[in-house]
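Asker: Pasting the feature list from TrEMBL:
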type     : residues                   : note
ACT_SITE : 105                        : active site, proton acceptor
BINDING  : 10-29, 87-90, 170-172, 215 : NAD(+) binding site
BINDING  : 54, 57                     : substrate binding site
DOMAIN   : 1-225                      : domain 'Deacetylase sirtuin-type'
Ligand code: OAD
């Protein structure tokens, strides 16, 4: 049976594709007030501003391509049972060929009704005020905003609990519950963390190896390493 490899990815894995991270210098949260564009309060205050923010993010998706880190991650499926739990709302993992991707914070290419969380639909165009879900209510981006529940977290916890090896790529580990997922790994599960500016991870029982590198350089090394290690 193939070993279970779980990849926890954040904005840093898509940085080399040209998508800005959130908290780096020049990142998305430097140019925007988070609560204005990524919270239910922001939506209620100025829906057009929120839609414009995500319309721009969605438009950019059509101009970028998966990078080497996404590709290597997809190729690992040949030898491992790989599941990706990503905080990213882009589709670059899927476009690189990964088949099992859980999006904790939603997806830019999906939309749903303001009425409820169900009835998620595929959506590739801009969303404008007045665009309605088939249920008759205004469409909103299928994005988890600050203050909202993270419906995929239960699935993600189960996936991490089963992992034989965890690889964390390009996340500042600041946003919960995503950042708390590693606490659910078995204490013997090795963890590799790739980030040019890694966060410190306190109170971790697991064996941890940090690669202070870009996602693509780090994944090249881990790809070679996975061939050698017993876990
Ligand atoms: P952050 O912007 O907080 O962190 C990005 C991480 O990527 C940082 O640790 C960088 O050092 C690292 N990084 C930068 N360039 C990199 C590269 N070339 N290769 C690898 N790593 C690189 O992004 P996240 O941790 O993903 O949520 O943010 C988590 C959540 O906060 C996002 O999903 C978003 C945001 O608010 C919502 O919008 C709900």
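In case you wondered, yes, glycine gets a Cβ from its N, Cα and C as well.
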Asker: In sequence order, which residues at least six apart in the same chain have a CB under 8 Å from the CB of residue 87 (NAD(+) binding site)?
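Answerer: Counting only residues 6 or more apart in sequence, the Cβ neighbours of residue 87 (NAD(+) binding site) under 8 Å are 8, 9, 10, 11, 104, 105, 171, 175, 178.
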Asker: Among the binding-site residues listed here, 10, 18, 26, which has the most company in the form of other Cβ atoms within 10 Å of its Cβ?
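Answerer: Neighbour-count leader: 10.
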Asker: Taking DSSP three-state, what's residue 105 (active site, proton acceptor) in: helix, strand or coil?
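Answerer: Residue 105 (active site, proton acceptor) sits in coil per DSSP, no helix or strand.
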Asker: In angstrom units, rounded to an integer, how far apart are the Cα atoms of residue 18 (NAD(+) binding site) and residue 57 (substrate binding site)?
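Answerer: Cα to Cα, residue 18 (NAD(+) binding site) and residue 57 (substrate binding site) are separated by 12 Å.
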Asker: Taking the Cβ of residue 57 (substrate binding site) as the centre, count every other Cβ atom within 10 Å, in any protein chain shown.
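Answerer: By my count, 18.
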Asker: Calculate the distance in Å between the alpha carbons (Cα) of residue 54 (substrate binding site) and residue 22 (NAD(+) binding site), and round it to a whole number.
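Answerer: Taking the Cα atoms only, residue 54 (substrate binding site) lies 14 Å from residue 22 (NAD(+) binding site).
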Asker: Given 22, 26, 57 as the binding-site residues, which ones have a Cβ positioned under 6 Å from some atom of ligand 1?
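Answerer: Only 22 meet the Cβ criterion.
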Asker: Can you tell me the CA-to-CA distance separating residue 22 (NAD(+) binding site) and residue 57 (substrate binding site), as a whole number of Å?
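Answerer: Between the Cα atoms of residue 22 (NAD(+) binding site) and residue 57 (substrate binding site), the distance comes to 12 Å.
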Asker: Long-range same-chain neighbours of residue 14 (NAD(+) binding site), Cβ under 8 Å, sequence gap at least 6?
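Answerer: The answer is 64, 67, 70, 88, 90, 92, 170.
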Asker: Between residue 57 (substrate binding site) and residue 26 (NAD(+) binding site), how far is it from one CA atom to the other, in Å?
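Answerer: That separation, Cα to Cα, works out to 15 Å.
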Asker: Enter the number of other CB atoms within 10 angstroms of the CB of residue 105 (active site, proton acceptor).
Answerer: 19
